[in-house]
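J.: This is the structure I have questions about; it appears just below.
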Amino acid sequence: MTQTKTAPKKLFIKTYGCQMNVYDSERMAEALGGQGYVETKTAADADMILLNTCHIREKAAEKIYSELGRYRDLKDDKPDLMIGVAGCVAQAEGAEIMRRQPLVDLVVGPQSYHRLPEMEAKARRGEKTLDTDFPEEDKFEQLKSRPKAARGPTAFLTVQEGCDKFCAFCVVPYTRGAEVSRPAARIIDEAKELVDRGVREITLLGQNVNAYHGAGPDGSDYTLAKLIWDLDKIDGLKRIRFTTSHPNDMTDDLIEAHGTCAKLMPYLHLPVQSGSDRILKRMNRSHTAESYLRLIERIRAARPDIVMSGDFIVGFPEETEADFQATLDLIEEVKYGYAYSFKYSTRPGTPAAERPQVDAAEGDARLQRIQGLITRHQREIQEAMVGRTVDVLFEKPGRQADQMVGKSDYLHAVHVTGGNVTQGEVRPVRIVSSGTNSLGGVVLD
Ligand code: SAH
Ligand code: SF4
Ligand code: F3S
């Protein structure tokens, strides 16, 4: 196909990892929009391929090299094709990527992607660039002039980035850098703009979102709860969520907001990682299983119907069967509506990498056991929704005719047939069935 000069260039972005990468990919697409790029869903017809990568576990990071290898033929066919690597693998091993994979034209870390248009222009001139700085300027401000296209009903909004906690297993403090909070006024402006574009639910993002401490509109030090209360005032915004929180930053005002702010949804992702104090200490988590359980009691006192979610690591160095059993006990006690469990992955440069590792097969066995328990609770909590009436924000048409799917306040996927619902509407739904991954319901008038 021959392209005319005015034809837009096509950008294919593939996103790995957490929600912050999803948000960042949107920002990068908008930044490159200024260079005449429009997004495409297939690598094959792209003029630029950008991988937004995750470094959290070894598998996630290794995947990038095999993915890049797959683009060799495309680049042979289309020598003008630009290939870029962004995100946390770019930050952690940018130079190695350049060395191992000559196909790559540019490498950009999570804190410098506002420089992407400039880097793209250089790459077009045959100059490869690697930018993994933690620059002084505010990347969010640099990206302000964005196209104002209509959007679906839900959006992510980064309010805080980076982490100062240094859990012994985790690369995030190295890949994302130190904790930084955006000023509240900028977040509120961005939220209003999202609502103008059709967004009804905003999920505030941060690697340690509840440690948010940005400047308030009046210059005072803000908390996440204060920010949530300001967002609560935006007409047209129906729901607020936030993720991911650390137990030590669950402040009183935030717990209270769960009981009093109607737009703040009754769902909380609060990772604990392990139920064994011995392991928590080795993980440098600076909380105990007991303090975590008491915290959940307080949260449930404020919002009794809250659905809890968490993250767990099994097979952390020196984890014994007794330690693992303590984790299962904690899960029994909390009963999570959702929980994510991972087998420990040794990450270069982190303190836990130096400790005696647990046998891989034992780690696999523990992962199976923990997932069995989590799935059982997940099902029970989902099935307990049958017969109840819940509010659902409808997000998109379902696979069947006249079907719409959305999410309940508790984040369960819900599908309905009929009922005249439109995208972006919140409607009360009576739940009538519970499937493997979603609920079925009937819209009430
Ligand atoms: N900032 C969040 C999430 C960090 S990454 C928090 O504080 O919890 C998401 C999850 O990945 C973590 O909660 C942890 O369960 C898991 N994880 C992080 N590093 C890991 C590693 N080296 N091996 C296995 N799982 C890991
Ligand atoms: Fe990683 Fe711990 Fe920071 Fe979460 S709190 S990002 S697990 S270091
Ligand atoms: Fe992965 Fe980076 Fe997110 S390592 S989980 S993409 S912060």
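Using the three backbone atoms N, Cα and C, a Cβ is placed for every residue, glycine included.
Note: TrEMBL annotation is automatic and uncurated.
According to TrEMBL, the feature [4Fe-4S] cluster 1 binding site maps to C18, C54, C88. Feature annotation from TrEMBL assigns [4Fe-4S] cluster 2 binding site to C163, C167, C170. TrEMBL lists 9-125 with the feature domain 'MTTase N-terminal'. Sequence annotations record features per position, and here TrEMBL assigns domain 'Radical SAM core' to 149-384. Summarising the annotation, TrEMBL assigns domain 'TRAM' to 383-445.
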J.: Taking the centroid of the Cβ atoms of C18, C54, C88 as the [4Fe-4S] cluster 1 site, which other residues of that chain lie with their Cβ within 8 Å of it, listed in sequence order?
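T.: Surrounding the site, in chain order, are Y16, G17, M20, N21, T53, H55, I56, A60, G87, V172, T175.
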J.: Please report the DSSP secondary structure of C88 ([4Fe-4S] cluster 1 binding site), reduced to three states.
T.: helix
J.: Which one of these binding-site residues has the most other Cβ atoms within 10 Å of its own Cβ: C88, C167, C170?
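T.: Its Cβ has the most other Cβ atoms within 10 Å: C88.
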J.: For C18 ([4Fe-4S] cluster 1 binding site), which residues in the same chain are close in space, meaning a Cβ under 8 Å from its Cβ, but six or more apart along the sequence?
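T.: Result: C54, I56, T244.
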J.: Among C88, C167, C170, the binding-site residues in the record, which have a C-beta under 6 A from ligand 1?
T.: C170
J.: Looking only at the domain 'MTTase N-terminal' (9-125), what are its DSSP counts of helix, strand and coil residues?
T.: 62 helix, 24 strand, 31 coil
J.: Quick one: Cα separation, C167 ([4Fe-4S] cluster 2 binding site) versus C88 ([4Fe-4S] cluster 1 binding site), in Å?
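T.: So the Cα of C88 ([4Fe-4S] cluster 1 binding site) lies 17 Å away from that of C167 ([4Fe-4S] cluster 2 binding site).
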J.: Whole-number Å only: compute the distance from the Cα of C88 ([4Fe-4S] cluster 1 binding site) to the Cα of C163 ([4Fe-4S] cluster 2 binding site).
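T.: Between the alpha carbons of C88 ([4Fe-4S] cluster 1 binding site) and C163 ([4Fe-4S] cluster 2 binding site) there are 13 Å.
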